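Trainee: Reproduced below are the annotations present in TrEMBL:
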- 40-60: transmembrane segment (TRANSMEM)
- 67-88: transmembrane segment (TRANSMEM)
- C503: heme binding site (BINDING)
Amino acid sequence: MSAVLTYSSRTCQLSSKDIAVAIAGSALIAHLLFKRYETYSIAAHFFLLITPPAVGVILLKNQSALLNAIVISFTSYLSALTLSVVLYRLSPFHPLAKYPGPVINKISKLWMAWLARTGKQHLYTQQLHDYYGDVVRTGPNELFIRDVSAITPIMGVNGLPKGPHWIGRALNTSVQNLVSLRDLNEHAVRRKIWNRAFSSAALKGYEEIIAKRAAQFVEGLEVQDSEVDLSKWFGWFTYDFMSDMAFGGGSEMMRDGDGDSIWHLLETGMIPSFSFGHVPWLGVYVGKIPMVAGTLKQFIIFGRKRTEERIKNGSLSRDLFHYLNNEDGAEKTQPSMMQLLSDGILAIVAGSDTTSGVLSALFLCLLSNPEAYKRLQAEIDKYYPPEENALDTKHHVDMAFLNAVINETMRLYPAVPSGSQRRVPKGSGGRTAGTYFIPEGTNVSIHFYSVHRDPRNFYPFPDSFWPDRWLIAAGQEEFKASGETFVHNAAAFIPFSFGPANCVGKGLALQEMRMLVCLIMQRLEMRFPEGWEPRTYEDGLTDHFVMMGPALPVVVKRRSQVI
Ligand code: HEM
C-alpha cells in the first residue's frame, strides 16, 4: 500500500492506504455522531453502520476482488469504530472516568444485559458497592449509587427525568405509558390523572373490589386439601384484582387457573425485557422480531379487547379505568385509545407481580419466624375476632405490628430491587447529587436493595427480618440490646421509590396487602411442608426489574382445625 495519494494527470485514484485511512476516519465521525445523538432509529443506525464501508467497497473494488473489498472495508470500518468506542470509554477523557467500576462494565452494557438474565443483578450490584464504594460505574454512561444523600437530588421534586431503560424494556420507542414518559412536563400532566385515581376518596371506593377478590382468595385456599404454592395464588389474586381495576374484569385465574398462561407469560416476559433495558438500542431491534415481541403483543391484544369492552359497557364501578378514561370529567380532553390501552396494561403489570412478590416474601418471613407470626396473629385476633369483618379497614392505622411486618418485608425484599433509572439530560450541564457530580448524559439509579440493607441505615440485623426496629423507631418499643447502637434511617426506606414519579399505586398496594393479610390470618393457619427449607425460596429469588420468587409451598387449614 502506498502512503502517497496517487494523482495522475488523467484520473484521481486513491491508494488502498488512503481508502483505509478514509474508512477509519469515517468510523471516528460515526462514533462522534452516535455519541452526540444516541439515536434509537434503526434507519439512522443502518445509515451510519453501512454507508461508509459501502462507499469503501466501491472505492476498493477497482483494486481488489469484490469479496475482498467487502471484507476489508467492513472489517476495518467496524474495527476502527469499536476501537474508538472502547478506547474513549476507558480513557481519562470520558466524563465518568473518575468513577470506579469493572473494566468490562465501562466498555459496554452488554455485560449487564447478559447478567440481568440470571436474575442476580441485585446481588451483583450489591457486591460492586461493597467492593468499589457508594458510587459504581456499571456501564459506559451509567452509575449506581448507594448513598441516601443522593436520593432527593436524583428522584425528588426538581429531580431527573426517567432513563432510557424503559425503551428497551418495552422493545419499542412509541409505547407511552406513564412510567416510560421521559419528558418531565408530559409525565407531570399524565401523572395528575393517576394521582386523582389514587386519592384517599378513590382508594375508599376500591375497598369493595379488593374485598371481593380477597374473600375469593381465602375461600379458594380453604378448600385445598394438599400443599399449595402460595406464590402462585398471590400472583393470581393480584392479576385478577388488577384486571378488575384496570378493565372492569376479564381475568379469573383464581377460579380457572392460568389456562391462557398469561401469568406465566407476564413472568417470563420480564426476563428479556429487563435485559434489553440495559441495551435499549438492541431492544428496539429485537422488538421487530414477531416471536420475541409475542408476549407484549398478547398483552396488547388482551388490553385492547378489554378496553373496547369496558368503553362499550360504560362505567360499572369507580375503578381505576373510570379515572384513566376521564369518566369523572375532570380533564378537558379525552385520552386517546393508545393512552388508555398502554396505561391500562401498565396498571396490571405494575400492580400485580410487585404486590404478589411482597405478599409471598411476607409469609416467607412470618412462617420462618414463629415469634413474629404469633405476635401478628395476636394483633389480628385483637382487632378482628371471628365475628368482626376482617376486610374493614378501620383498624389498620392502629395495627402497629402489621405495618411493621409489611415495612420490614419490603426493606429486605424491595419489589424493585435495582431501582428505577433516571438520566441527566444532555445540555443540562450535569447534576450534583449529594457529594457527587453526575455529568450530563449519564444514566443513574439508586440501588434500593443495597440502601435497604446498608448497616449505616438499619442496624442491628440489617440482613435479617426484625420488625421490632419499626416499633423502636416509632417509640412504641424499647431497644434492649445492650452495647449495640440502634440505627434507623427512615430516608433510606424507599420500596415505592421517591419523589413525583414514585409509585402512584403505593396507597392501593398497602391497602390491598393489609386487607388480605388480615383476612388470611383471621381465617387460615399455615405452615411450611415437613422438610421444606425456606432457604430454597431465598436462593430462587430473581431480580428481573421486579423481584420474583419461586414456588412457596405451604400447608393451609381453616383456623379452627389443627395442622
Ligand atoms: C408492594 C407493591 C408495589 C411496589 C413495591 C411498587 C413499587 C414501584 C416502584 C419502585 C416504582 C418505580 C417508581 C420510579 O420510577 O421512581 C413504581 C412505579 C409505578 N407503580 Fe408501583 N409498586 C407497587 C404496587 C403498585 C400498584 C398496586 C400499582 C397500581 C396500579 C402500581 C402502579 C405503579 C405505576 C403506575 C408506576 C409508575 C409511576 C410513574 O412513573 O409516575 N404499583 N412502583
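Backbone N, Cα and C define each Cβ position, glycine as well.
Help me picture these features in the structure, burial and contacts included.
Mentor: Beyond the ends of the transmembrane segment (67-88), by six or more residues, the same chain brings 19-20, 23-24, 26-28, 30-31, 35, 49, 52-54, 56-57, 60-61, 94, 107 to within a C-beta distance below 8 angstroms of the stretch.
The Cβ neighbour count for C503 (heme binding site), using a 10 Å radius and every protein chain shown, is 21.
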Trainee: Six or more residues beyond either end and a Cβ under 8 Å away: which residues meet both conditions relative to the transmembrane segment (40-60)?
Mentor: 14, 16, 19, 22-23, 26-27, 30, 33-34, 66, 68-70, 72-74, 76-78, 167, 173, 280-281, 284-285, 288
